[in-house]
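Q: Once you've had a glance at the structure underneath, I'll fire off some questions.
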Amino acid sequence: MSRSSTFGEVVRLLWKGTEGKVGWTVLLALVVALTEGISITMLIPIVASTSPETAQQAADIPLIGDLIAGASLGLPFLLALFIVLICVQAALNYLRNYYSLHLMQLLSDRLKRSLFHAVSHAEWDAIARRRLSDVNQVFVSGIPRCMTAANAFNMLVQAAILIAIYVAIAAAVSWQMALFAVLVGAALFAAMYPLRRRASRYGHELTEMFQQQSRVTLDFLNGVRLAKTFVAERHFMRSFDGHLGAIRRSTLRFYAQSSLGSLVFQIGVAVFAASFVYLAVEVFDLGLARIAVLLVIFARLAPRFGVLQDQGQQYLSNAPAYAEFTAMMTYFRADQEQQDSADIPPPRLARRIALTGVSKIYENGAQPSLDNVTVTIAAGRITSLLGSSGSGKSTLADIVSGLVTPTAGAMLVDETPIDATNRRVWRSRVATVPQDAFLFDVSLRENMRLAKADASEGEIWSALERARIAALVRSLPDGLDTEVGNRGTRFSGGERQRFAIARALLPDPEILILDEATSALDADNQRKVAETILALRDGGLTILLIAHQPLLADIADDRIVLERGRLQAERA
Ligand SMILES: Nc1ncnc2c1ncn2[C@@H]1O[C@H](COP(=O)(O)OP(=O)(O)OP(=O)(O)O)[C@@H](O)[C@H]1O
């Protein structure tokens, strides 16, 4: 995204994201600038009241001089008014800062929610194609950087308003000096161009480097057990150190350059101050009243130029994060799942699931992962999905569960076709237990209620009984209140698997899909899970098993054999 289009995007974001409320901060900035302007202008009558000579100088100032002449006010009154104006100004500044912060928080929440929504409502295919560490990175550092850019932009606008008002007052006092200030300001702005370009480049580098760092961190945390098994901690540590070093070096380089820029800027401002006073006194012979006012204006103006410089850099070095955010939003929004409409009843499975001519070609897949497969899964029976690695078993199971959309072909649940309009509602009636039975780091009861938020104690115990794990829970001192701990590692693999089955059974699904559910278990645990599955089938549940182990393959009533995405055999 080019700099100008990012600029337009940030303006739109600020305006739309705050529902136009950002306009209030600009208006407040304008009022603050006006009260500041009035309080500065008031210095003229105050200085004028010191001697007849200064009074005459003040009267000579166009516009302002006439005003002073019109209202002959005493010094105590002027000083009191000056204090009142400064108080009003301080209060308005406080209000503006607080309101800006409030808006930024609101905006940040809005961006996070919209990305969360876009990801959670995207098609699974689209989610699976994307590195989740990149998505996480946008949440953790991308959106806060967008906020810094938006805030910097807002500050820039406010500083620009103040500068414009100061320059207008300066012009009323002496147009030559105002013109001089504008020309010097423009020259300083132009001189800082290389620094702004560097800030923008640094911003792009930072986005890339944060992504790399997030990838290593998440990869390591997700596979920490494996990393330790391979004694590969040092490899990850080295890689992590490498990314930290790159970020540190780039940041130091950037700040060294920008500090140098600020240094040059400060020197430039000092030269400007000296020339300003010289011109005012020696060339234009402005007199004390005007010089006093111009100096006060200048003293206020200089830090605003500093704000322009600092916030400009903040904006440029953080705006690339916004381009990253919008690219990610566009990606996920392009592939949104159709939402359920309230009047669609969940399909019921009483007889069979029939797939006809189903094919699946993943976006980046060279070959079809499923090629014209026609099979039937009978209700109330155990069907096993067999085939060598990569033959398409998981793809078929994901199509049956409604997670993956087939590229071609049709699926019927009894007589109901499953398509974009009801795929989500069908998925809510399917329970899947993956190979790695994942338990969340909350209590057993809360883990169960993730599958059905309003499950009663009776329903929870009934599901635990069906999965043959109730006896274990009863033996625990804290029963259902037992905290599962990090990923449930306090339970054995077989126990976790049966908890996962119990959780999957809680919403009373139409079909249970087990994806290599016992591959990580020993023979004893495999046997226990197999007994659990047989008992569920005897209770009338339809079960689809992806199984390599003979023990599980043997308990199946029907078998579907796939090879290279094609149906090899379908046997009872
Ligand atoms: N998201 C994806 N994008 C691209 N290709 C994919 C994707 N998922 C699966 N594939 C490819 O589709 C083919 C079938 O994969 P699938 O996971 O369905 O096989 P499987 O029989 O379950 O394998 P395994 O027994 O090893 O788990 C494989 O060649 C795989 O590389």
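Every residue, even glycine, has its Cβ placed from backbone N, Cα and C.
From TrEMBL, for reference:
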- 24-317: domain 'ABC transmembrane type-1' (DOMAIN)
- 353-572: domain 'ABC transporter' (DOMAIN)
- 22-47: transmembrane segment (TRANSMEM)
- 67-95: transmembrane segment (TRANSMEM)
- 152-171: transmembrane segment (TRANSMEM)
- 177-195: transmembrane segment (TRANSMEM)
- 258-281: transmembrane segment (TRANSMEM)
- 287-307: transmembrane segment (TRANSMEM)
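Please go over these features one by one and say how buried each is and what sits next to it.
A: Through the fold, the transmembrane segment (177-195) approaches residues 163, 167-168, 170-171, 257-258, 261, 264-265, 268-269, 272, 275-276, 279-280, 284, 286, 294, 298, 301, 305, 308-309, 312-313 of its own chain, all at least 6 residues removed from its boundaries and within a Cβ separation under 8 Å.
Within its own chain, the transmembrane segment (258-281) is flanked in space by residues 174, 176-177, 180-181, 184, 188, 191-192, 195, 198-199, 290-291, 294-295, 298, 302, 305-306, 309-310, 313, which lie at least six positions past its ends and keep a Cβ under 8 Å from the stretch.
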Q: Using a Cβ-Cβ cut-off of under 8 Å, list the residues of the same chain that are 6+ residues beyond the ends of the transmembrane segment (152-171) and lie near it.
A: 10-11, 14, 22, 25-26, 29-30, 32-34, 36-37, 40-41, 96, 100, 177-179, 181-182, 185, 293-294, 297, 300-301, 304-305, 307-308, 311-312, 314-315, 318
Q: The transmembrane segment (22-47): which same-chain residues, six or more beyond its ends, come within Cβ distance under 8 Å?
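A: For the transmembrane segment (22-47), the nonlocal Cβ contacts are 14-15, 54, 58, 61, 64, 68, 73, 75, 78-79, 81-82, 85-86, 88-89, 92-93, 95-96, 99-100, 103, 154, 157-158, 161-162, 164-166, 168-169, 172-173, 288-289, 292-293, 296-297, 300.
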Q: Restricting to the domain 'ABC transporter' (353-572), report the mean pLDDT as a whole number.
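A: Mean pLDDT, the domain 'ABC transporter' (353-572): 86.
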